[in-house]
Each structure stands twice: as C-alpha cells, then as structure tokens.
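Working notes for the structure below.
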Amino acid sequence: MKLDVIVIDDSSINLVLTSHLIHKFEGCITSEFNNPKQALEWCFEHVPDLVIVDFMMPEMDGIEFIRRFRALPERADIPVLMVTANDQIEIRHRALEAGANDFLNKPIDKIEFAARVRNMLSLRRSQRKLLDQAAWLSEEVKLATNEILARERETIIRLSKAADSRDPETGAHILRMSHFCKLIASHIGVSEENQQILLDAAPMHDVGKVGIPDNILLKPGRLDPTEFDIMKQHSFLGYEILNGSESVILKAAAEIALSHHEKFDGSGYPFGLVGDKIPLFARICAVADVFDALTSERPYKKAWPDDQAIAYLREGRGKHFDPMCVDVFLENWDEVMEIRNRFKD
Ligand SMILES: [Fe+2]
Ligand SMILES: [Fe+2]
C-alpha cells in the first residue's frame with residue numbers, strides 16, 4: 001500500500017530532515033511544503049495518509065492548519081502529528097482540540113519519531129483497508145440490487161404478456177404506451193427515479209383483463225351496458241392482483257390498474273374521481289393509453305389518423321384527460337413519433 005505523507009514546516013532544513021526519516025518507511029512518499037496555505041490548497045485535491053505539521057509558522061500556525069484541514073470533507077479521520085516543544089503544554093491542548101492525534105518533540109528524536117510515525121501509519125493502513133472493504137461491499141450490494149431489479153422487470157413483462165395473450169392489445173401497444181407515459185412524466189417534473197417506476201409499472205395497466213370472460217373481452221362489436229359493466233371490473237381485478245406488494249413498481253402498478261379509466265371531470269370509473277384526486281401516474285397513463293389505442297389497428301377497428309387522434313385528445317382536455325398531460329404530450333410530438341417508430345406492431 002502506497003502512503004502519502006504531507007510535511008509542513010517553514011524551515012527547509014526541518015523539511016529535508018523529516019522527509020528523510022519518513023522515506024525509511026516502506027511505501028511512503030512525501031509532499032513537502034514550507035507554506036501552510038499552499039499545503040492546504042494541496043489538500044483540497046489530495047487526501048494524504050498522514051499529516052506532519054510544525055506549530056510555529058508565519059501566516060498560519062499549525063493549529064489553524066489542522067482546524068482548516070479537519071473541516072475539509074473526508075479529512076476528519078486522517079492521522080495528524082504536530083511538531084512542538086515538549087514544554088508547550090497549553091499549545092498541545094489547543095492542538096488536540098483542533099484535531100491533532102499526537103505530537104513530535106522538537107528537536108526531533110529519531111527513535112521517538114519512528115515509533116509515533118509507525119503507529120500513525122498502521123492506524124491509517126487499517127482505515128484504508130476498512131474503507132476498501134466498505135466500497136467493495138457497497139459495489140456488491142449495488143450489483144445484487146440491480147440483479148433483483150432486472151428479475152422484477154422480467155417478471156412484470158411476463159405477467160403482462162400473460163394478460164396480453166387473451167387481449168387484442170399487442171405487446172407493441174404496451175411498450176409504446178409505457179414509453180409515452182415516461183415521456184409525459186419527464187416533461188412535468190417527475191423525478192428520473194419515478195419516471196423509471198412508471199415505465200416499469202404502466203405495462204400492467206390492463207392485467208385485470210385476465211379475469212374478464214372471453215365472450216366479452218374478445219367481442220368484435222360494441223359491448224352492451226351489462227357487458228360493459230363486467231368489462232369495467234378489469235381495473236379493480238388488476239388492482240387486486242397487484243395490490244399489497246412491498247415492491248415500489250407493483251405499488252405503482254396497482255394504483256395505475258385501479259385508476260387508469262378515471263376521467264379528469266369525474267365521469268370515469270371505478271370511483272368517478274375528479275382532477276388531482278386521480279393519482280398522477282393514472283392521469284398520465286390515460287393519455288398515453290387512449291392515444292395509442294386510437295392510432296393502433298384492432299380487430300374491431302381501423303387505426304385512426306394522427307390528426308383525428310390529436311383532435312380527440314384536445315377535445316378531451318380537461319374532460320377525460322388532465323390538461324397538463326395532454327399539453328406536454330402534444331408539445332413533444334417529435335418524441336412521440338420517435339417512440340412510435342421504435343416500437344412498431
Ligand atoms: Fe384498461
Ligand atoms: Fe392499454
């Protein structure tokens with residue numbers, strides 16, 4: 001292990017002498033300063049492993065140096081030795097308060113010097129080993145967490161596919177609408193972390209359709225009122241499938257499944273929630289989901305041309321849809337097109 005020792009003393013002879021003694025320790029290199037201000041500047045950029053600082057210096061004394069050094073981030077635990085005369089007890093007390101760990105007597109006694117420096121260096125070596133282990137551990141934890149997250153995403157996509165297999169909605173619809181959701185979220189101040197959660201959760205919005213009988217789910221024509229009432233249950237069924245998990249993605253997905261058919265003016269289902277009583281993710285999903293459904297071909301309908309679908313969103317602004325979500329969706333049309341080209345049927 002290479003160890004960086006910084007030596008600060010206004011006397012050049014002392015600097016040379018101290019550095020010479022330090023070089024006898026294996027792996028130690030020194031940086032020498034006869035000006036404490038320059039030494040402090042050096043410490044802004046470098047983290048030394050040991051500081052040896054004289055007390056009596058012009059401009060800034062050793063105690064002031066230690067105080068400022070200790071105030072720098074990540075410099076609180078680095079061993080600091082101050083060089084003073086043995087009888088300066090009051091100075092030593094102040095130096096201890098400022099953060100000195102030990103003292104070297106002036107004039108320097110080689111044996112004592114060697115013993116104290118050795119102690120400080122071995123302390124620092126253990127510190128560095130601990131730090132390395134902590135860094136290694138946190139890297140491992142990060143890798144493991146990413147792996148779990150990747151599996152969680154995979155599970156979600158497979159679960160969504162299971163629902164899809166009976167649904168005329170295609171896999172590409174799921175991908176487009178979830179990316180439209182992220183697009184909208186990114187322009188209304190949703191944090192990147194939550195954008196990702198929304199992207200992962202939105203594909204499950206219709207998972208509750210697994211519980212809808214085929215004769216209704218796959219009916220080519222319009223549903224009669226009784227059939228439509230049954231169809232409406234898919235939001236609650238989806239919520240029941242997804243609810244109660246500790247996973248932030250599944251929590252968001254449960255909320256979306258339950259509320260993605262609510263309408264901004266309160267005319268939606270299941271609860272007829274109004275405005276921002278509807279969860280934000282669900283308001284975002286409503287725009288993304290309806291727009292993609294309109295512009296996609298389904299067994300029972302042709303794809304609407306874009307201008308007609310845009311007119312539908314404008315018409316539904318403030319009625320079916322949150323106006324803010326409609327606005328940012330239409331304002332960022334380039335991104336809408338990019339997503340559509342990326343995920344074709
Ligand atoms: Fe739905
Ligand atoms: Fe959908």
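Glycine is no exception: its Cβ is also placed from the backbone N, Cα and C atoms.
What TrEMBL says about a protein is an automatic prediction, not a curated fact.
As recorded in TrEMBL:
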DOMAIN    4-121  domain 'Response regulatory'
DOMAIN    148-345  domain 'HD-GYP'
MOD_RES   ASP54  4-aspartylphosphate
**Asked** Sequence gap of 6 or more, C-beta under 8 Å: which same-chain residues meet both conditions with respect to ASP54 (4-aspartylphosphate)?
**Response** ILE8, ASP9, ASP10, SER11, ASN14, GLY62, MET82, VAL83
**Prompt:** DSSP helix, strand and coil counts for the domain 'Response regulatory' (4-121)?
**Reply:** 53 helix, 27 strand, 38 coil
